[in-house]
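Annotated features in TrEMBL:
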TRANSMEM  119-139  transmembrane segment
TRANSMEM  151-174  transmembrane segment
TRANSMEM  186-207  transmembrane segment
TRANSMEM  219-240  transmembrane segment
TRANSMEM  284-302  transmembrane segment
TRANSMEM  359-380  transmembrane segment
Amino acid sequence: MQMRHRDFNRKLPVSVDFDSCKCLSLPFLQKPPLLICQLPTVMATMVMESIGRVFISLQQIRQVPRLLTEAAPSMPDTVTDSEVPVYFRERYIFTGYRPLEQSWRYYFLSLFQRHNETVNVWTHLLAFLLLLGKLRHLADMVDFSNDPHSWPLLILMLSSLTYSAFSVAAHLLGGKCELFHYLFYFLDYVGVAQYQYGSAVAHFYYAVDETMYRNTQGIFMPAATILSCLSCLGCCYGKYCNHTLPCWVRKVCQVVPSMLGYLWDSSPVAKRLLLWSSDDPAVAYHFGQVGFFLSCAFFFTFPLVERCLPGRCDFVGQSHQMFHVLLSCCTFCQIHASYLDYVHRRQLYSNLHEKGDAALFVGLYMLTLVGCALITAFMLRKVKLVLDFKIKSK
């Protein structure tokens, strides 16, 4: 039993003997002819070749750290805490410090070096990249340009990106010298303060109920701006007095203003969680952000892990690393909860907020940034005066 077929381009006969499984001649197969019974073998070979190529690619990826090390053979090794100034030392962390006064290239390439800040850098760097992806995803679903009601959500996204980027810069570049140490960590505190404001505007705009809105209208967001600036001032001052005041005093300067700001900014969410209902799609994420924030606040305040295991958490396992991971989880829960509120509570917040409220809150966000920048400039000037005095006194 034989069949004939004509190609549109070439008149070539195709002969197929289904009984004996003989040669199959196709126009696009020249030499040698392919047997139908050989097709499974050929396909298996192609699959194995593809797997082999993937395996080779994975092997090449694993060689990236070694290649980077070979590309920068002059990078010095890390040093112990006794080889760096006192203001660079962290309690219960004894090794893994990067030497001071190296080139900027060294500190950028130390992103791929094993030191006691590596995990701190990568946790917020990965969070920053994931936040960029989240913003791109939201931009496909939310009209940020033409819908003023979406601007608080955009402020939350931008403030989240800013604090994670400033945190990466502080932990990656803050080890160059004393001046840049203070500069980058002051910027880190600016990131924390403006993220505090971003949280406030999202909660007040989307999560607030009608009663609380009527009682706090006109004072909630200005108070959030003031508390954000106080948080920046407290963190900068605590850093400035890093080794002239007892540890608990520095922690009070840094933690108390931030905690007061958090209590105020999260009060709409707290009231909502007290009256939560099972048909609220965002309530689980609000519970998540509160739980993650309280956990990260604990690890920021108390270096419990390295205190229990001194010298064994120099590279992995530090409380501050856990603080970074938990804060990132808090941020993602908060963003998703705010997005769900933006979608499902539109009728409520559209009726509550006046037409110009969103633009006003954007203006207050810019005012917060300016206030934090002025505080940073003021504290950095005080640092430079101290450093100049040290140089003159030598």
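Cβ from N, Cα, C; glycine included.
Looking at which of 151-174, 219-240, 359-380 has the most CB pairs under 8 Å to the transmembrane segment (186-207), the answer is the stretch 151-174. Relative to the transmembrane segment (219-240), the listed stretch 359-380 leads the set 119-139, 151-174, 284-302, 359-380 in CB pairs under 8 A.
Between the transmembrane segment (119-139) and the stretches 151-174, 284-302, 359-380, the greatest number of Cβ pairs separated by less than 8 Å involves 151-174.
Under 8 Å from some Cβ of the transmembrane segment (151-174) lie the Cβ atoms of residues 104, 107-108, 110-111, 117, 120-121, 124-125, 127-128, 131-132, 134-135, 138, 142, 144, 180-181, 184-185, 187-188, 190-192, 194-195, 197-199, 201-202, 204-206, 324, 328, 331, 334-335, 338-339, 342, 358-359, 361-362, 365, all in the same chain and six or more residues away from its ends.
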